[in-house]
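Look at TrEMBL and you will find B:217 tagged as active site, proton donor. The NADPH binding site feature in TrEMBL is assigned to B:117. What TrEMBL lists as L-homoserine binding site is B:202. Sequence annotations record features per position, and here TrEMBL assigns domain 'ACT' to B:373-448.
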Ligand SMILES: NC(=O)c1ccc[n+]([C@@H]2O[C@H](COP(=O)([O-])OP(=O)(O)OC[C@H]3O[C@@H](n4cnc5c(N)ncnc54)[C@H](OP(=O)(O)O)[C@@H]3O)[C@@H](O)[C@H]2O)c1
Ligand SMILES: NC(=O)c1ccc[n+]([C@@H]2O[C@H](COP(=O)([O-])OP(=O)(O)OC[C@H]3O[C@@H](n4cnc5c(N)ncnc54)[C@H](OP(=O)(O)O)[C@@H]3O)[C@@H](O)[C@H]2O)c1
């Protein structure tokens, strides 16, 4: 980070200072991406963002990311109460010190950004009351489902709705373990050990595998959707430890998969709410049954919108940083203009476009590549495939598979070819020439094969 | 609507007036739900909302919904320029009059809420420039993917990201037709006729089935994600009319489904963008391949967050109204406080909770119902099932299926029972008693079967 980043604002329009309490997995992700996207975010928000202070347990300890010594603080409360820092990110975890830091910042009227679902679950009522009383704000998009903007969706996008049913996979560690057990027919203990070695599970896995982490997140969602704080002690919470490979086989035989689900249901006639976290047999036809590995998925049924579904990586440095930065951007917009600044009519439409709008251009057809499915009605006679193949070869389009089926027309056959990677220009030229062949009847049908990397 | 709703505001904190230009499918949905949720939205936003004027082509024509005559206008421009109306919803469709109405309202510094993707696609640049110049705003959540808050997700929730890849199903009519063709092995023309009769397709289906509607939506998304207006004439746009039942069979044989996809890709090394709408063979393993019927689905890959996926009903009165109302709420929050008001620390957490926070309560165990999966290790001897079944019967838990498999222990068997609908209390009592039986070894495992209605 250059000197310029840590100077104090020179004018009222100068950078907005951000304090990071905690510089672990999430804190470092926020640092990395805020740094990379600095110019774009500044253009989009109309104001630059600057990380002005970072607190860690031990400022002396050598770290992979080199930080200027003047940024480091040993006491997170110093960051939380620094009058030059209006946005405080609590990224330490735990509930005791995190609570003190959060309340101190809110009492100073600051905006606190948090990824700490355990804290919200335990002290949410106090935190929100404090924010309201002192004119501060508490943002927590990163606390549930990593980078998936589910908090924003529930609170703003679906504001017209009541929510009779919300359910989903809220813990990626459990979903990874269950997925591996199912796919590899392997016992829980073996997969857990592996998950720890790979960093997918914490050294102390209890919070995850016993369902408490998902319960914390369910509490956050239940509060957003229903305005009631439900402590995990009043939920049904069961973990995944007793599920065996045999259960997956039994479930499969009955047409189900097994997922650790959080389920929040409200009956609007009796006004009864229930919040549960437990392993569940989910029918294979449910899209969430095929959400595997470290992904999270949340199905939200609104009484007006119907069911909407949100899927994405539930944790990890980058996905979590994406959510924290979106909260920081909301906070900055609020501070900058005292209004909802991130609207398309006020701001450049997109970070990258704002930073360098003139460089994006439409790709020429030669650069649009993919695999193709080609269906031709051809004369049913020898040598036909050879002639078609040679046209394709001339345009450097290579064939991946051939399927011949009877045609509805007499003496004709339906020929289905798939190609290897080719480009739009070559395919258009190929099509034009194929259509001219006497052995081909009617216009060939071209469909595109899309195998997306995700 | 009572008299009170159409009175002018008596104090600065009185209702915010909303004008509806257009009272067709979407307009009536907005009316219906704004009316139903009035108290809740007012509590949540801190200010009541009131529909103050509605324009239709023919105010004399009798309508299913009875409207007070003084609300009705024949000229939408009158609504757009009425100084007492700060929020104008353009819900007429078309691009000529809609453009004039939109620009007139924006020039007056108003907030325009729109569901009109054709208008945005054709005149977006002019609309946003006008809004910026005159301090107005243009909100358009309903223009893409119905009630799924994808605009908000892209613009705010994922603000930290660049978007190398966005793809999905953006037209529910086409997806309905393709799904039916696939499921019923029926030709395009037959399903189209049926879809028209059911109201799933317009009388003039061209805009939908030729891909233009999806192209309009793709243009909106591409602009949001990349800051470039791409007219459909510069995209690859192909419709679904030539797809036959045989193509589905061929595709299935190769492991694919066929979907009409919109695909927006940007290569950040060459800065080349491509926008395409066409039927695509999608591998069965892609979650979007199993999104059927009138649902939309959008996969958004961000460079930080990874791939996130959004699914929901893409159109229809209610889903679209849900999105329009979320934009109205954003607009009202902006007007009311001049700031981002819909934050949890400032507002009651949820409409229904705000209106009647004390009525929600946790459901007792007797009222938490479902089906259960029970795995017991039992002695492998005659009469065991009878004894277990009688314990269950005593608690009114009825058995749906029984599966017996060998146990890992000698002389024991593993017994898997699924139940019909039962409640948590009965199951807990049952479990306790089963665990006490001498024929049962170890603690029974209880999992829950979840078949969600969506
Ligand atoms: N990791 C994820 O994928 C993820 C996802 C969603 C939400 N979250 C949440 O994000 C928060 C942070 O998680 P993390 O994974 O980034 O944690 P982490 O890697 O353990 O980092 C914690 C950071 O906080 C500092 N810290 C801890 N206790 C402190 C104390 N008593 N005084 C001062 N500093 C202290 C540590 O300082 P040192 O560097 O000196 O040790 C470290 O920099 C947690 O609430 C977690 O639940 C995490
Ligand atoms: N329907 C959906 O599911 C859906 C979903 C997403 C987006 N949208 C978009 O929402 C918009 C409205 O769609 P809709 O389905 O509600 O349309 P609609 O049912 O056809 O209703 C159109 C309304 O606008 C009025 N109108 C039309 N032309 C007018 C004119 N020249 N002057 C004055 N009033 C005029 C009509 O008046 P009369 O009542 O007197 O005929 C009618 O009330 C369109 O842009 C559409 O693309 C619709």
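Cβ atoms here come from the backbone N, Cα and C positions, even for glycine.
A map of TrEMBL features onto the structure.
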{"residue": "B:117", "record": "NADPH binding site", "Cβ neighbours (10 Å)": "25"}
{"residue": "B:202", "record": "L-homoserine binding site", "Cβ neighbours (10 Å)": "14"}
{"residue": "B:217", "record": "active site, proton donor", "Cβ neighbours (10 Å)": "26"}
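Across the domain 'ACT' (B:373-448), DSSP classifies residues as 24 helix, 34 strand, 18 coil. Separating the Cα atoms of residue B:202 (L-homoserine binding site) and residue B:217 (active site, proton donor) is a whole-number distance of 17 Å. Averaged over the domain 'ACT' (B:373-448), the predicted model has a pLDDT of 95.
Straight-line distance linking the Cα atoms of residue B:117 (NADPH binding site) and residue B:217 (active site, proton donor), rounded to a whole number, equals 6 Å.
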